[in-house]
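Data block below; observations after.
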Amino acid sequence: MVAMKRPLAVTMGEPAGIGPELVLKAWLERDRPKTARPFYVIAPPALLRELAVTLGLPCPIEVIATPDQAASVFDRALPVIALDLGYVAVTSGKPSPATGRAVIASIEMAVQHVKAGLAAAVVTNPIQKSALYDAGFKHPGHTEFLAALCADQGIEPLPVMMLAVPELKVVPLTVHIPLSDVAKTLTADHVVAVGRIVAAALKRDFAIAEPRLAIAGLNPHAGEDGRIGREEQTILAPAIARLQAEGITVIGPLSADAMFHAKARARYDVALCGYHDQALIPLKTIDFDHGVNVTLGLPIIRTSPDHGTALDLAGQGIASALSLIAAMRMADDMANARGF
Ligand SMILES: NC(=O)C1=CN([C@@H]2O[C@H](COP(=O)(O)OP(=O)(O)OC[C@H]3O[C@@H](n4cnc5c(N)ncnc54)[C@H](O)[C@@H]3O)[C@@H](O)[C@H]2O)C=CC1
Ligand SMILES: NCC(=O)COP(=O)(O)O
């Protein structure tokens, strides 16, 4: 007997954003070659039903009680695990802290399902971070929240954000902090810890036997021998030496402005960058539509589209589901690599 693959647990994300629409569209694409394994959404069913009608998307919704029911429903309807939290009216494009509790509960339940072996991976829809902060959410984003949910005996794993398109993988070494805090936040210990996690994950989940890491300089011209900033000499070069001493292939610090064109990218498998935009600008410029955000370093698999809530497009039916579908495919590949 062939064992049934575990489904993907998809979170609702910001209900006033494009996430719910993208899930409906991803389900409608389910028969395309290599569309991901069955998935279910954790959301108020009425939100999805009403949106499908408003947008004219022929996506029936069927409520399931447990993740194992997703596979038998998936061919005929989008399986939904209902959030029993009282449903607040949603206006597309207008997020409200009033829905924050449900948004958070959807993420918590998805993680519980994966930890319990009921689902293969968490695929998150974008959250409106400002609305969640107004609702009391204490984490910068999913990445850190998921690490907290995966804490074992009070110890949180170090979560590492990686964004991937077929042509490039990038890791921001600092994430949601002001640019003015970057240099004082970056340490050699952190770069080494992230480098280890990235190298291990590329081997385990991405079938790269000997991952090649490249580390971007923080300053123009990688510091110009210390004349335009010293972080390359005091933080990055020592971290590179330590990683190399552990047998990890690393080059750098490279001049960041010259490391993302096609010929330069051929020298490495992943670029570790000093700050959020140094990493994400090249990636989203090369391929905005297929970017996947994957959290490394957790005991669970989590992927997400690379974009946000796109409030300017919400409720119009014109948002692209390609990035969410790419996130589902990556979660499927990673789960296959881990044998579930
Ligand atoms: N993983 C997550 O939960 C993420 C959440 N966000 C959140 O999203 C909110 C908005 O962030 P922004 O910086 O404005 O980024 P955004 O990605 O929501 O929008 C940037 C631009 O890209 C367009 N766009 C985004 N997704 C698209 C799609 N699927 N199809 C077509 N066009 C698309 C938007 O219309 C907009 O013009 C913020 O609260 C941010 O924190 C942002 C990134 C990831
Ligand atoms: N720009 C990437 C981003 O904001 C992703 O954040 P997260 O919610 O996945 O931690």
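Heads up, residue numbers simply count up from 1 along the chain you see.
Cβ atoms are placed via backbone N, Cα and C, with glycine included.
Residues near ARG302 (substrate binding site) in space but far in sequence (CB under 8 A, at least 6 apart, same chain), listed by position: ALA121, VAL122, VAL123, THR124, HIS142, LEU146, VAL294, THR295, ALA331. In the three-state DSSP reading, ARG302 (substrate binding site) counts as strand. As annotated by TrEMBL, substrate binding site applies to HIS142, THR143, LYS284, ASN293, ARG302.
The Cβ neighbour count for HIS276 (divalent metal cation binding site), using a 10 Å radius and every protein chain shown, is 18. Taken from TrEMBL, the feature divalent metal cation binding site covers HIS176, HIS221, HIS276.
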Using DSSP and collapsing to three states, where does HIS176 (divalent metal cation binding site) fall: helix, strand or coil?
coil
Can you grab the distance from LYS284 (substrate binding site) over to HIS276 (divalent metal cation binding site)? Cα atoms, rounded to a whole Å.
12
Between ASN293 (substrate binding site) and HIS221 (divalent metal cation binding site): CA-CA distance (Å):
28
Rounding to the nearest whole angstrom, report the longest C-alpha distance spanning HIS142, THR143, LYS284, ASN293, ARG302, listed for substrate.
20
Which binding-site residues of HIS142, THR143, HIS221, ASN293, ARG302 contact ligand 2 in the sense of C-beta under 6 Å?
HIS142, THR143, ASN293
Could you round the CA separation between HIS176 (divalent metal cation binding site) and ASN293 (substrate binding site) to a whole angstrom and send it over?
14
Could you measure between ASN293 (substrate binding site) and HIS276 (divalent metal cation binding site) for me? Cα positions, answer in whole angstrom.
12
